[in-house]
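These notes concern the structure reproduced below.
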Amino acid sequence: MSNFFSLLYNELFKIYIRKSTWVMYIILGLIAVGGAIIISSFDDVQPTEYTDNWKEELQEENEALHKDNEEFGYSFNDDRIMKNEYLLENDIRPLNYGAWQYTLENVGLVAIVSLLTIIIGSSIISNEYKWGTIKLLLIRPISRNIILLSKFIAIFVFGLFTMIYLFLVSMLGGAVFFGFEGFNPSTVIMTANGIEYVPIVGEVMSEYGYRIVNLIMMTTLAFMISTIFKNSSIAIGVGIFLLMGGNIITGIFSQYEWSKYLLFANLDLKMYETGNILIEGMTLGFSITMLIVYFVVFVALAWLFFNKRDIVNQ
Amino acid sequence: MSNVALELTNVRKKIKNKEIIKDVNLTIRQGEVYGFIGPNGAGKTTTIRMIVGLMDLTDGEIKVLGKSIEKEYKDAARNLGAIVENPEMYPFMTGRQNLSHFARMYDDVPKGRVEEVITLVGLDQAIDEKVSKYSLGMRQRLGIAQAILHKPAVLILDEPTNGLDPAGIREIRDYIRRLAVEDNVAVMISSHLLSEIELMCDRIGIIKHGELITEQSVKEDSEEADQSEIKVVLDVKETEEAIKVLASLELKAEKEGSQLVSLMTRETIPQVVNKLVESGVTIYGVTGVKPSLEDQFLELTGGNIIE
């Protein structure tokens with residue numbers, strides 16, 4: 001088993017020794033902090049600082065929001081108004097904007113983490129073919145299954161590290177530009193059961209957690225494609241297309257009953273929490289089963305092709 | 001006799017119904033250096049890929065120290081070291097990082113071994129530079145280094161002299177001979193150029209169209225050499241007289257310019273010289289001409305044609 005960790009170490013070493021990986025990290029870091037720089041440098045998007053007079057401030061804010069709604073003839077501020085009313089009713093002092101809330105808002109950037117993980121997953125096998133090193137890798141006294149497994153796990157260790165990096169950079173950026181709300185602050189959020197007052201840490205965990213499902217499935221798909229075709233471009237292309245366009249595809253077919261069997265229809269497990277279930281009759285158990293079936297099929301195909309192949313030149 | 005290190009029995013390989021390797025039988029003993037010669041496209045690399053487990057066998061068996069590469073892969077692979085085709089390494093890593101990477105793939109390569117191997121192949125100067133900056137010769141050395149990290153019993157080197165200058169070839173030749181003699185390693189070297197590896201091999205096998213067409217020793221036993229006939233060129237003044245002398249010893253001779261050419265065994269040469277001297281023939285020179293392996297190779301393979 002110690003041998004397996006050596007293999008995992010090797011794979012991670014090959015990922016992190018390359019400059020291109022660090023370029024990806026720098027770009028992700030800039031995007032993660034960039035939001036904070038933009039928000040803090042434009043006055044009209046600055047978050048409100050609540051003082052001891054917060055009750056009056058909230059009421060004023062709500063009046064202004066109502067006015068906005070009437071002006072535009074569309075009630076896009078309703079959530080915010082309801083949250084403010086909830087705070088006033090329950091006598092909860094609103095939390096000033098800070099690192100935790102900024103990190104929560106940055107959850108959309110998990111898509112970029114997925115993107116980077118797909119790139120790594122698509123190239124971890126095909127690069128060995130490209131460099132010609134696949135021959136040196138597969139003549140060792142280690143079965144191909146174990147080599148494949150070490151690479152597969154290395155991809156997700158990379159994904160996890162990158163996720164942690166995004167979290168840390170967001171927290172740091174948020175703390176520098178907006179301040180730190182404390183180690184376990186709570187805030188009001190909208191859920192399927194209406195407004196609730198919850199700790200932000202849990203909310204951050206669950207928001208990031210739900211998106212990991214998409215990351216794992218798309219990366220596994222890309223890994224399978226690149227293992228079969230020995231080509232990273234096809235895998236990256238398909239992976240990114242489906243990552244971005246999965247919702248559109250589901251949207252097109254959602255009128256049909258069978259569309260619930262599509263991978264994309266089952267990627268967003270959060271719908272069972274919020275109650276916006278995509279197709280009637282879908283349950284959390286159904287989605288998890290579908291995800292496992294897809295995952296097993298992807299891994300089995302990759303394994304089959306990697307194991308059975310004669311290694312020849314490209 | 002020493003033990004069999006590598007054994008190929010009735011090995012066949014079909015790719016898309018085309019028979020690439022047809023019934024190859026081959027045995028290499030410990031401490032022996034075997035030259036695997038054939039024109040490009042003859043099936044050398046395919047055979048090597050099957051030996052190291054990169055390709056499945058269609059039929060037959062390959063054993064490394066008695067362990068089947070197909071049925072007991074791990075045991076067989078543990079005793080194999082190889083360069084297959086070009087010695088390609090991770091270009092973005094240094095030589096040392098590359099070696100450490102491969103060393104970690106074995107349970108039993110001690111820490112100091114990497115340093116030891118670096119010195120052995122003479123890469124101390126460049127080992128901390130990125131492989132992308134290496135010359136082909138340096139990559140060949142690094143390729144050999146990764147192949148011997150785990151002290152394998154069988155070493156497979158596919159075209160190790162490719163792209164090397166004569167000095168580099170000599171260095172590798174000395175090194176391979178040392179491995180065979182001192183560490184008792186069985187070495188298989190493939191090449192399409194016989195002349196480059198002839199000097200480092202004990203035995204060579206020639207492959208053509210996927211068939212092993214001949215095998216022979218390079219350094220023949222002295223006894224055997226004494227028995228076989230070689231071409232002898234006699235540079236003498238009185239050619240007519242000499243022909244008569246040779247005829248008396250039941251040897252045929254032909255006149256080639258001012259010289260005589262005859263076929264005789266090594267043993268008879270001193271006898272012939274004595275007789276000629278006794279008969280008063282003036283001798284300027286006696287030269288034994290061994291048929292070069294190169295000539296035989298070209299004759300057998302019909303030149304270096306890619307098919």
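The backbone N, Cα and C atoms fix where each Cβ goes, glycine too.
Annotated features in TrEMBL:
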TRANSMEM  A:21-42  transmembrane segment
TRANSMEM  A:107-125  transmembrane segment
TRANSMEM  A:146-168  transmembrane segment
TRANSMEM  A:208-229  transmembrane segment
TRANSMEM  A:236-256  transmembrane segment
TRANSMEM  A:276-306  transmembrane segment
(message) Below 8 Å between Cβ atoms, which of the listed ranges A:21-42, A:107-125, A:276-306 makes the most pairs with the transmembrane segment (A:208-229)?
(response) A:107-125
(message) Please tell me whether the transmembrane segment (A:236-256) and the transmembrane segment (A:107-125) touch - that is, whether there are at least 3 C-beta pairs under 8 Å between them, with each pair 6 or more apart in sequence.
(response) yes
(message) Please report, as numbers and ranges, the same-chain residues at least 6 past the borders of the transmembrane segment (A:146-168) whose CB is under 8 Å from any CB of it.
(response) 4, 7-8, 10-12, 15, 25, 28-29, 32, 103, 106, 109-110, 112-114, 116-117, 120-121, 124-125, 137-138, 204, 208, 212, 215-216, 219, 223, 227, 299, 302-303, 306-307
(request) Sort out the residues at least 6 away from either end of the transmembrane segment (A:21-42), same chain, that have Cβ-Cβ distances under 8 Å to it, and list them. (result) 15, 102, 105-106, 109, 112-113, 116, 119-120, 162, 165-166, 169-170, 172-174, 176-178
